[in-house]
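Structure record follows, encoded as structure tokens.
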Amino acid sequence: MFNIIQKMKPKTRTQHGNKMGKKKLAQDVNPNLQKNLDTLKVVYSYPDNTDFLIRELFISGLNKKAAILFISTITDFKLIDEHIIAPLLNNKDENIPIHNIITIQSIENKHTIQDTMKDINSGNAALFIEGEKQAYSVNVANFEGRGIENPENETVVKGPKESFNEKAFTNISLIRKRLKNENLVIENSVVSQRSNNVVYTLYIKDITSEKLLENVRERLNTLDVDAIQNLSLLEQYIEERKYSLFPTVLYTERPDRAVSFLEDGYIVLLMDNSPDSIVLPATFWSFFHTSEDHYLRFMYGNFTRLLRIFALFITIFTSSIYISVVTFHIEMIPPDLLLAIAASREKVPFPAVIEVLLMEVAFELIREAGLRVPSPIGPTIGIVGALILGQAAVEANIVSPIVVIVVALSGLSSFAVGDISMNFTIRILRFGFILAASVFGIYGMTAVFTLGLFYMISLKSFGVPYLSPLTPKYKSSGDTVFRRVLQHETFRPGYVKPKDITKR
Amino acid sequence: MGEPKDKIGIKEYIAIALFMIGTKTTDDIPSMLFDSLQNAGWIAPIISGILAILPLFLLLHIAANYQDKSLIDIIYHIFGKFLGFLVLFFLWAIGFFYIVLDTATYTDIISTMYFVKTPAILIYATLMGVCAYGAKRGLEQIGSVSWSVLPYLQVSLFLSLILTIGQGNLGFLFPVFGPGEWDVLKESTMKISLYMDFLYLFMLFPFVKSTKDFKKGTWIAFFLILINLSITMVSYVMLFDYKSVMLLNYPYHETIRSISLGFLTNIETLFFPFWLIASFIKFAAYLYINIMLFGKLFKIEHFEYIMPAFATLIVFLGLLPESPTFAIFDLKAMVGNLASPLFFFLPIIMWTLAKFKGDLRK
């Protein structure tokens, strides 16, 4: 009995606490100005909280006391001065509504303290007037951020060079600039309870499938967390298989790419504080493609695709093929090459696996460290890394020269796959294949490959099979490993179930 | 999971059929045919193929008449509960026995031709592990995987054939009828069990998108398999001549050992992975169909959960024969002799009974 009471206790307390909190927030605006100010002073810890400001004034024409409340760091001072305070003080007219005094484009009436606070938190100024049962919320928000810059991860030689920045409105404007259509809808929903982070869902009304949209909305609405600062975190909340090696949500910093997905019936998510967008659903191919594949002419674009798929296979398989050939299938190497390899490995005291793993780990370390070093000493680290780990390791007979070639080749090729998530996937997969090759040679590698293929094909991203349209087949423009001539890309991908499948 | 939710398309269905039957040319089936038919071995797939058209046609006719029913339901319907159960159980037992023997053969191929020092049980366990995983994923995944890799495997097979025929001797094919026309006909008839797996494929009937797709797919797969089988067997004779090909247990693997490509003199390891992928998929499909039948027989709805158990059982059963290369060869021939009449006469009996019941409308 006692146990039960103890267990019940914290539960009831939190319930009570929630109720109290809601009551307090849902309080109506009081006609008594001082009472409102007192409530808000407590909520915002007024004198301690240095950037929360209250400007009290007297509206001469109306003969009323008033107060303007705002957070100075996220508002535009000049706007408040010139367009709110000055007109109010200079007013002589007695029967004029507030909306006609203030000269700012957007004013809303708020009836509860809670709503007013929400607006203050997002950069608005709140105007309270003695004797009125409402507050005026004036849009003077001005958040600091950087301007539009070049994309850093998805660079192209040919094509637009704008990238998203941390302001959602700028990003939406970049998208609207490319897609001038009234059917582009931008919904917003608050996804976190405490920080009130807003996610903007973008889609084209007469193309995007209702079912897909419902699926995304549901996932966004069922989130129950205090804060989701940006899209990179949101991605991990809404994806299906959290432990999977393969990414199922595409992440792009290029507005042109996001727009081309929107035009195909995909859904794009944007958020403040994220210099990128999320594209849903994603298939394996969307990670493999880049926007430049389509900007380059047919032959050139497909040539880069060919190189990329080649690089993908080299990254995953070279090291493991080297190990399995050297340890299990020596007969397949032509005799002269075999002798050369044998001679170079003669002095190395390790089995091939250890040798390759040493170099692979070293390469990954250089790569990771290279990302984190302060930029002034970056080049030095590169030279030291390459020299010491390449040249010196060979001279010290720790690795054979051919392993340096193999590892460098697979390491360099991994950069050809631009998408960060897919890049990680293939880098980790490589180690799986190395281990399989060291145990069972080609047999082990094929076993792991088949397992991986079965796994990959069973993956789904928001109900879309991972390898579609390759298999299962859907009506689409067939943009998989290679792309077609633009005039022949006449269908939207059928797997996202667009309302209108033909592109004209 | 249980039964598949989405249906598979015609491409996936053809790919599965090709993997289940087409891969037979790369194991010890050719040597079984060469054993009795000498250099006329390559005619056997054609003659038994022509014979197999009749049961296939009847099966398709029956299946099209009972829309949305799989072969399992049709057999229950035609034979009644008790007799139907017996027929299906017999089919399942033959299928299961065949999987055990076939996986043992493939393990033997890998361990005698490629990994001589590795213990057979490890090779076997890996093989069945991958297959069980694939089978557990379900039919759609097996179909999709089959279709996505099929073009590459087919290219690799044809590359090896082109190289073989280039180095072979056309004269080895003559006399065309080897031991004599009558013998060829008689022995080929006995080998109709080559196409026995189509009987099992009919259990997938309700899971293929449309009846038309299934019909078309079955015929396309059938002719592709027929062509694949005979061309590969022709190339074996051309490369080795009949005396030595009769001695070889796994002619495909001897073939890829004997051919060379430019400066590469040993290229078997180039073809080996492709063949392995084909085998993994083949047994995943076999296992799936077999366990699905088992699940239907004993009313196990989520039959995918018993796959690991069966895979383990298969490993231990398959390891029982002491000298697999010979013991399994003989056992397989025995199962073949049992399966051939079953495959030929079961559809005829079914068709007659269905006709008798008045279910067949023209």
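Each Cβ is built from the backbone N, Cα and C atoms, and glycine gets one as well.
Within the chain carrying the transmembrane segment (B:42-66), a Cβ under 8 angstroms from the stretch's Cβ atoms is held by residues 33, 73-74, 77, 173, 176-177, 184-185, 187-189, 191-192, 194-195, 198-199, 202, 205, 211, 214-215, 218, 222, 226, 229-230, 233-234, 236-237, 343-344, 346-348, 350-351, 354, 359-361, all 6 or more beyond its ends. The annotation transmembrane segment is assigned in TrEMBL to B:42-66 (among others).
Here the transmembrane segment (B:78-101) has long-range neighbours at 72, 199-200, 283, 286-287, 289-290, 293-294, 296-297, 314, 317-318, 328, 331-332, 335, 338-339, 342, 346, 350, 353-354, 357, meaning same-chain residues at least 6 beyond its ends whose C-beta is under 8 angstroms from one of its own. Annotation comment: TrEMBL describes B:78-101 (among others) as transmembrane segment.
Feature annotation from TrEMBL assigns transmembrane segment to B:113-135 (among others). If one looks beyond the transmembrane segment (B:113-135) by at least 6 residues along the same chain, the residues whose Cβ comes under 8 Å of a Cβ in the stretch are 103-104, 106-107, 141-142, 145, 250, 253, 257, 268, 272, 279-281, 283-288, 291, 304, 307-308, 310-312, 314-315, 318-319, 324.
Sequence-remote contacts of a segment are chain residues at least 6 beyond its ends whose Cβ falls under 8 Å from one of its Cβ atoms, and for the transmembrane segment (B:147-172) they are 11-12, 15, 18-19, 39, 228, 231-232, 234-242, 252, 255-256, 258-261, 270-271, 274-275, 277-278, 281. The transmembrane segment feature in TrEMBL is assigned to B:147-172 (among others).
The transmembrane segment annotation in TrEMBL covers B:192-208 (among others).
Among the features that TrEMBL reports, transmembrane segment is placed at B:220-239 (among others).
What TrEMBL records for B:270-291 (among others) is transmembrane segment.
What TrEMBL records for B:303-321 (among others) is transmembrane segment. Residues 1-2, 99-101, 103-104, 107, 120-121, 124-125, 128-129, 131-132, 135-136, 138, 287-288, 290-292, 294-296, 327-328, 331 of the same chain sit 6 or more residues outside the transmembrane segment (B:303-321) yet have a Cβ under 8 Å from a Cβ within it.
Marked as transmembrane segment by TrEMBL: B:333-354 (among others). Residues 32, 51-52, 54-56, 58-59, 61-62, 65, 74-75, 78-79, 87, 90-91, 94, 97-98, 101, 189-193, 195-196, 198-199, 360 of the same chain lie 6 or more positions beyond the ends of the transmembrane segment (B:333-354) yet place their CB under 8 Å from a CB of it.
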